[in-house]
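A short write-up of the structure that comes next.
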Amino acid sequence: MNVPASDQYDFVVIGSGPAGRRAAVQAAKLGRSVLVVERDKRVGGVCVHTGTIPSKTLRETVLNLTGFRERGFYGSAFRARGVIGAADLTERLGKTLEFEVDGLEHQFNRNGVKILHGAGRFVGPHTIEVAMAAGETRQVTAEKVLIAVGTQPRRPDGVPFNGRTVLDSDEIINLDHVPRSLTVIGAGVIGVEYATIFSALDVKVTLVEARDTFLDFIDREIIDELTHELRDRGVALRLGSKVDDIAIEDERVVVRLDGGRVVRSEMLMHCAGRQVSVGGLGLEVLGVKVDNRGRIAVDPDTLQTEVSHIYAAGDAIGFPSLASTSLEQGRIAACHAFGQRMPPAPRFFPYGIYAVPEISTIGMTEEEVRAKRIPYECGIARLRETSRGHIMGLRGGMMKMIFATDDRRLLGVHIIGEGATELVHIGQAVLNLHGTIDYFIENTFNYPTLAEAYKIAALDAYNRMV
Ligand SMILES: Cc1cc2nc3c(=O)[nH]c(=O)nc-3n(C[C@H](O)[C@H](O)[C@H](O)COP(=O)(O)OP(=O)(O)OC[C@H]3O[C@@H](n4cnc5c(N)ncnc54)[C@H](O)[C@@H]3O)c2cc1C
Ligand SMILES: NC(=O)c1ccc[n+]([C@@H]2O[C@H](COP(=O)([O-])OP(=O)(O)OC[C@H]3O[C@@H](n4cnc5c(N)ncnc54)[C@H](O)[C@@H]3O)[C@@H](O)[C@H]2O)c1
């Protein structure tokens, strides 16, 4: 088929999530003609419509409407609003999503990035067929292609999903009522975030995890704090519990765990992993290989697949599967595709887990430092020890810093509590600029701030190092 000149592009990006968006705009800034193919009616991807933004908006809404942040001061019975319904939770979400989509469409327009709504599929190494609404198809060609198709929830057979009481993490954001009790299957980042958000809403939550531990990439001392706080709030943690069966009996969801325990609740959210949306992409015609979860293998420096003009980025390539890193990967891919040299990515990037309380971390955990046999010392600060924390009525929250004792380098910063995802960036700057404990000892910090915890934790470590 002859493709008209108007459908021939320098760069076609499949998927408009963080990876696709950043790549498209970057290529357009380099003067290239760019088309974004998006199968959804709206641009933005999982990040905007079902993942990052909705979950973070829900969290903020819950914390505001419940007055959760004030409970440290006024007691655990404090409520900002007596009754909170599903409509209260979704109202803010609608406004946030509209704002995000508008902003993104505007950014594409400003940069001359074209958008075509439909599912993309390779029909040749440089040709993509887009299946649009009403059965119409269109073929476009590209010198370079980026696959940024992201993931979707894994929905195992045997789980009686019904969109009402047994939901996946895409469906939970469109609740028609707030349940009195919720079982969350899978204590990954998604499970922990939603379990703790619903618990802050006074929903009785049971969190079930097949393994004996959870969030293994986080420093264990931080997880111990989280576990303690969750138990204190009445969240039932069922670790080391494999699910034998999930059934709906008398309008209740009944989960039978191996070992004989039974968990009953009004609602269940299943979030035990995600699957890359590679189905129907036609990768087999190109020879691009994927693993059992659909993850595409790429060169980590250039993000090229085995077929050198085809790139992949974001959740489609697996770890770390974050919106933040997907954005950067999109830019790296576009720059490489069009000959723009990029410095190597910094070694460390932060993780933000928007649980209640939030967790953020950068660098090595104490477990990793020990495994590498690096001589080290730790410093701890409790957020309530800072004047700001005291004013805010914080009861929980801590910062842990790890330093190498031989060259005084900062090795890792691990924070749990209010503001953790913002605070971590100070540690990130020092870590990636190869700074030492002296930065924290010598510099003056605003007072009163939570950032003062850096000073306190560094002094704590320093006193033991001297
Ligand atoms: C509940 C949840 C909470 C999260 N919270 C955070 C967080 O707080 N911080 C963080 O950094 N990350 C978070 N993430 C992860 C983050 O959302 C993802 O890492 C990020 O969205 C991945 O971006 P992406 O560009 O790879 O693709 P996605 O955002 O997944 O977008 C892919 C797009 O490709 C489209 N597509 C798929 N196949 C085709 C096709 N054949 N043709 C055309 N279009 C196609 C899809 O419709 C979709 O719009 C969260 C994820 C979830 C699920
Ligand atoms: N704040 C953030 O950055 C953020 C937030 C949410 C999601 N994400 C990203 O989304 C991705 C997906 O997250 P996720 O939590 O769905 O997946 P995950 O794969 O990280 O975690 C799934 C968890 O479910 C457990 N599990 C699997 N099968 C089970 C079963 N039958 N019974 C009980 N437990 C079971 C696994 O052991 C694991 O702990 C992650 O890679 C994460 O990076 C990031």
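Keep in mind that glycine also has a Cβ here, set from the backbone N, Cα and C atoms.
In the structure as shown, the Cβ atom of Asp315 (FAD binding site) sits within 10 Å of 33 other Cβ atoms. Here TrEMBL flags Lys56, Gly120, Asp315 as FAD binding site.
Glu209 (NAD(+) binding site): 22 other CB atoms within 10 A of its CB, across all protein chains. Residues annotated as NAD(+) binding site in TrEMBL: Gly186, Ala187, Gly188, Val189, Ile190, Gly191, Val192, Glu193, Glu209, Gly273.
What TrEMBL records for 9-330 is domain 'FAD/NAD(P)-binding'.
Here TrEMBL flags 350-457 as domain 'Pyridine nucleotide-disulphide oxidoreductase dimerisation'.
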Excluding Gly186, Ala187, Gly188, Val189, Ile190, Gly191, Val192, Glu193, Glu209, Gly273, please set out which residues of the same chain place their CB within 8 Å of the center of the CB atoms of the NAD(+) site, keeping sequence order. Val184, Ala195, Phe214, Leu215, Cys271, Ala272
Pairwise CA distance, Lys56 (FAD binding site) versus Ile190 (NAD(+) binding site), rounded so that it is a whole Å: 11
Compute the C-alpha separation of Gly120 (FAD binding site) from Ile190 (NAD(+) binding site), stating it in Å without decimals. 28
Counting across all protein chains, other CB atoms within 10 angstroms of the CB of Gly120 (FAD binding site) number 26
Binding residues Lys56, Gly120, Asp315 (FAD) - maximum C-alpha distance in whole Å: 29
Please name the residue among the binding-site residues Gly186, Gly188 whose C-beta has the most neighbouring C-beta atoms within 10 angstroms. Gly186
For ligand 2, pick out the binding-site residues Lys56, Gly120, Gly188, Val192, Asp315 that have a CB under 6 angstroms away from one of its atoms. Gly188
